[in-house]
Amino acid sequence: MPVESGSSAAARQAKQKRKSHSLSIRRTNSTEQDRSGLQRDMLEGQDSKLPLSLRSNLLDLFSQIEREFENLYIENLELRREIETLNDRLAADGQTFEGADLAKGALKTKASHSTSQLSQKLKTTYKASTSKIVSSFKATTSRAVCQLVREYVGHRDGIWDLSVTRTQPVVLGTASADHSAMLWSIETGKCLLKYMGHQGSVNSIKFHPTEQMALTASGDQTAHIWRYMVQLPTPQPVADISQTPCEDDVDFSDKDEADGEVEGSNDCPSVRVATTTLRSHQGVVIAADWLVGGKQVVTASWDRAANLYDVETSELVHSLTGHDQELTHCCTHPTQRLVVTSSRDTTFRLWDFRDPSIHSVNVFQGHTDTVTSAVFTVGDNVVSGSDDRTVKVWDLKNMRSPIATIRTDSAVNRISVSVNQKIIALPHDNRQVRLFDMSGVRLARLPRSNRQGHRRMVCCSAWCEDNTSCNLFTCGFDRQAIGWNINIPALLQEK
């Protein structure tokens with residue numbers, strides 16, 4: 001009589017178990033019908049606001065789900081038994097199934113290698129994330145010093161924008177909702193000149209790269225170019241208002257200043273006539289900037305368009321259309337003919353004018369709310385801020401996705417990036433100003449209390465690398481601009 005081999009015996013045993021498994025399923029189905037009928041009778045006796053038909057359908061669905069899980073559970077038990085049987089047979093007949101053992105060993109080695117790779121990847125990601133978090137905590141508790149140097153008070157309404165001249169004499173410019181723009185002495189805080197040529201809110205101010213000219217955008221649907229001549233007063237000793245580590249101060253008071261008339265700008269000389277008036281927009285002109293070289297300017301408007309003008313002739317060169325909603329900001333590259341425009345349609349667009357015959361445009365969708373500003377850095381980066389409470393850093397060479405994302409607790413307004421240290425200053429709706437590096441690590445928060453700091457929404461920030469006393473300026477709807485001295489050790493900026 002022939003002897004049955006081990007493999008055929010195992011196959012026959014598995015076949016018998018599958019038959020018994022099918023019989024158990026049939027028995028389960030028959031008992032399920034009785035069970036569902038019993039449960040339906042129980043539900044009919046319970047109080048419920050659901051219709052009986054709906055309750056019955058729900059019961060049928062739950063019964064089907066329960067049967068599926070029960071079948072899977074039975075199959076799992078059967079498979080476990082088969083695995084145990086095969087393991088015992090492989091242990092008893094090692095030479096008979098030598099190939100199977102080798103295959104099993106190869107699979108085990110491969111699985112172990114894959115598991116090791118996955119484990120290493122998870123460890124690396126965890127360490128990187130943890131390191132970033134620890135770096136943030138280290139930065140906020142560091143010895144970085146933020147000193148409030150001077151307050152510039154004189155506007156009668158909120159200040160939307162501010163900028164620092166690129167030529168001598170170095171002065172601070174502010175644009176206000178009180179229909180005026182002012183030039184200030186950085187060292188003394190005194191108003192040097194007041195421009196009053198607009199009929200609406202002055203929404204932005206930018207200075208010519210080489211000449212003493214200013215460009216302002218206004219709610220009167222125009223942009224003005226005007227010349228200025230100022231003489232700096234004799235510097236006075238700087239009073240040590242505060243020298244506080246950049247940490248989260250407690251807000252002791254939210255008391256606002258009196259709404260009376262502000263002194264300090266009444267004796268300031270004024271200019272009322274623009275050298276050039278740019279008219280083409282059909283809505284509020286929210287921002288404007290000079291292209292590299294200063295021979296052309298770009299304006300952004302609520303009419304969903306950005307216009308490129310020739311400064312000498314005041315003629316419209318190009319109308320940049322494509323945004324679906326109002327524009328919020330525009331910025332030009334410091335060394336190349338590139339323009340970036342921001343919009344309420346949650347996008348910002350990069351316009352390339354380096355080739356006179358081809359004007360390309362790229363649309364970037366990385367935010368979920370209004371993009372309040374997007375600015376260039378000296379290198380190949382664009383930094384965008386949004387009402388979705390995030391700031392994103394992009395690489396111009398590959399802008400499919402941001403290289404860093406900063407998440408905050410408040411909407412972000414017009415940001416700025418320092419040229420030398422590459423620090424991003426974030427002005428917030430919640431009256432705070434935070435500093436981050438380009439990799440997204442938080443470096444500091446400017447102090448704010450009842451003695452110093454902004455008391456209303458902070459609208460804009462601007463860096464000044466050439467000034468020794470103040471290297472960061474902020475402005476807000478508390479009608480004042482503030483000059484800060486920021487000293488962040490190089491160690492904190494290392495990754």
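Glycine residues also receive a Cβ, built from the backbone N, Cα and C atoms like all the rest.
For 62-89, the entry in TrEMBL reads coiled coil.
Annotation comment: TrEMBL describes 22-31 as compositional bias 'Polar residues'.
Residues annotated as region 'Disordered' in TrEMBL: 1-40.
According to TrEMBL, the repeat 'WD' annotation covers 152-194 (among others). Sequence-distant contacts of the repeat 'WD' (152-194), counting only residues of its own chain at least 6 positions beyond either end whose CB sits under 8 Å from a CB of the stretch, comprise 200-212, 214, 216-218, 228, 230-236, 238, 261-262, 264-265, 268-271, 287, 414, 456-457, 459-460, 462-464, 466-467, 469-470, 473-483.
The repeat 'WD' annotation in TrEMBL covers 195-226 (among others). Here the repeat 'WD' (195-226) has long-range neighbours at 157, 160-167, 173-183, 270-279, 281-290, 292-294, 297, 299-301, 309, 311, meaning same-chain residues at least 6 beyond its ends whose C-beta is under 8 angstroms from one of its own.
According to TrEMBL, the feature repeat 'WD' maps to 278-319 (among others). Per-class residue totals from DSSP over the repeat 'WD' (278-319), listed helix then strand then coil: 0 helix, 24 strand, 18 coil.
What TrEMBL lists as repeat 'WD' is 320-361 (among others). Residue counts for the repeat 'WD' (320-361) under DSSP (helix as H, G, I; strand as E, B; rest coil) come to 0 helix, 26 strand, 16 coil.
The annotation repeat 'WD' is assigned in TrEMBL to 364-404 (among others). Summarised as a single figure, the pLDDT of the repeat 'WD' (364-404) averages 93.
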